[in-house]
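Q: Handing you a structure now.
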Amino acid sequence: MFITGYAVMAGAAERLVLGYDSFGNICGRKNTPVKGAPLSGQDMSNKKYVFFLNSCSLELQSLKLSSVSLCVSSCPQEQLNSLEDLQSFARNNGSCLCVYNLNISSYTLNPEAAELCPTLPVPPSKSFPLFNRCVPQNPECYSKYASVLISMVNEMDVFHRILSGILAGRDTVIGLSVLALAFSFILVLAFRFIRTLLVHTLIALVVFGLLLVSGVLWWLYYDYRNDPSTELETQKENVKFLLGYAIFSTIVTVVLLSLMLVLRKRLQFTVQLFRIVGKIIGRIPFLLFQPLWTFLIFIAFWVFWVAVLLSLGTAGTAQTTSGGQVEYRALSGICYMAWYHFVGLIWTSEFILACQQMTIAGAVVTCYFNRNKNSPPPHPVLSSISVLFCYHLGTAVKGSFLITILRIPRIVLLYLYNTLKQKESACAKCLFKCCFCWFWCQESCLRYFNQHAYTTTAINGTNFCTSAKDAVFILAKNSAKLASISCFGGFILFLGKVFVVCFTVFGGLMAFNYHRELQAWVVPLLLVGFFAYLMSHSFLSVFEVTADAMFLCFAIDMETNDGSAEKPYFVDQELLTFVSQSNKLTEGQKHRSARPFQDNEDGTELQPMV
């Protein structure tokens, strides 16, 4: 049953991508027979285009075109005025424009040829790249054809219009994802060998990217809004989405520029921080390559997710009608599975990131709680991965599930806001925005504490709830000290993610803008931005998780040990000096007269989990 259902859904996706004729054959591939349809099951590998027998007088009935459609190898480039012209075109070009069971030699002899062949005269046509349709070029026929096609697209629900946009721009989406990968990898190498000049260069590029993307979005919005040819619902949706994108991008630009202005004096401090983090990463072999494995897993999951989404949107069963023709009836309620599928995208993506964070945190913890800094433990990354899969997959599942729970209400609120924004009052709009911001803040805080919970799990080997409680206790006690250390470093890493997203989205704007016809391309663009952020977050989280794990280990080290011969610190002198200078400790505090962190009563030495 599962295999049969999968085959039906996979075939449905191909029908949407390639198009199909009136007899159950998918154009551009070899087909299997449909029971009760004698003309089904034909090899259409060389026949990629859909041709309508009555393209000049199409009618739309219940989202179905009235004309019989065929799969052909090429569209007629010149007008065909007689059956002899049809016969000559078929012999010269190998493209038969009559029903399949009519032999080419019978075009002029069979008395039923007039019913089995297209209405004469056949106007010249060209293949349309989006749906692989033969579109008539005769002005009168084209206007009728376009009006029917516009009506058909406008009557489609938003879900299917989005699917058509994703399918039409699938090659562009893949190319932009590769571009985001390249940007992320370059940034990882740059942060590994960071210098003051590099920080200034990154900030300048981020400012340029933010201004560029905001300006292009506003330009595209005014260009689309003033375009008199905007008739399709997909084009009208593009205008709405572009306005929202432009407003959001402008707000983000203003906020980030303000923060850069406020924090500009701490650049040298950030360079020193990343040098220490880079030294720790250098002690752990292959830690910088961890995001590559995560990226490959992401790619495999995203390809599977998009394939299933397309199958959900086009799933249906074949039913034969009079004359041996085939209709595909959509499965009832199948579109509601898209919401379940979307939740799966969020949860699984967060789970993959959580596994990477736990792997990095485990490797950092193992190296930090090692007495001999010149002789790091062997294979810390592989050891961390094995511990994760043997003992702590449940911790990653719980942490990612909590983030998903907080993200779903944001999505629901955004959907309701866009659905009801024409009817609701100003107070209701304000309430929606406040609730949305509240959930966003809660998600950001939860993500921060989750990361420290993963590190605590790597140290103590406890479950998620116990580790989260311990992490909250330590962070609450030392928040004033730790926040000032990691705040600006995290901000610079966030700017790196913004850099990747900005220039990837800019590339998407330029690419999608050249293919406006029938594409809800702003939704694929949003998908590209989401993927670009996940990729950059996956790569740059090596530095983020390393820094956070290092400071949490430092806090626990200070809580547990006192620097005496009986209980010496695990921290090296460079990190201790850096933390002391950042918190403006006095010389007496360095010698424990006033300890930067409160001692633990029992002073029990913590060991890394093995």
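Using the three backbone atoms N, Cα and C, a Cβ is placed for every residue, glycine included.
Caution: TrEMBL annotation is automatic and unverified by curators.
Fair warning: this is a prediction, and the values are worked out from it, not measured in the lab.
Features from TrEMBL:
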- 587-610: region 'Disordered' (REGION)
- 173-194: transmembrane segment (TRANSMEM)
- 201-222: transmembrane segment (TRANSMEM)
- 242-263: transmembrane segment (TRANSMEM)
- 284-308: transmembrane segment (TRANSMEM)
- 487-512: transmembrane segment (TRANSMEM)
- 518-535: transmembrane segment (TRANSMEM)
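Where in this structure would I find these features, and how exposed are they?
A: Listed as Cβ neighbours of the transmembrane segment (173-194) (distance under 8 Å, sequence separation of 6 or more from its ends, same chain) are residues 166, 202, 271, 274-275, 278, 281, 288, 291, 295, 299, 302, 493, 496, 499-501, 503-504, 507-508, 511, 524, 527-528, 531-532, 535-536, 538-540, 542-543.
Long-range contacts of the transmembrane segment (242-263) within its own chain (CB-CB distance under 8 A, at least 6 residues past either end) are made by residues 203, 206-207, 210-211, 213-214, 217-218, 220-221, 224, 488, 491, 495, 498, 522, 525.
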Q: Where else in the chain does the transmembrane segment (284-308) make close Cβ contacts, counting only residues six or more beyond its ends and a cut-off under 8 Å?
A: 9-10, 13, 166, 177, 181, 184, 188, 192, 341, 344-345, 348-349, 352-353, 355-356, 359-360, 363-364, 367, 376, 379-381, 531, 534-535, 538-539, 541-542, 546
Q: Mind checking which residues of the chain, 6+ beyond the ends of the transmembrane segment (201-222), have their Cβ under 8 Å from one of its Cβ atoms?
A: 190, 239, 242-243, 245-246, 249-250, 252-253, 256-257, 260, 492, 495-496, 498-499, 502-503, 505-506, 509, 513
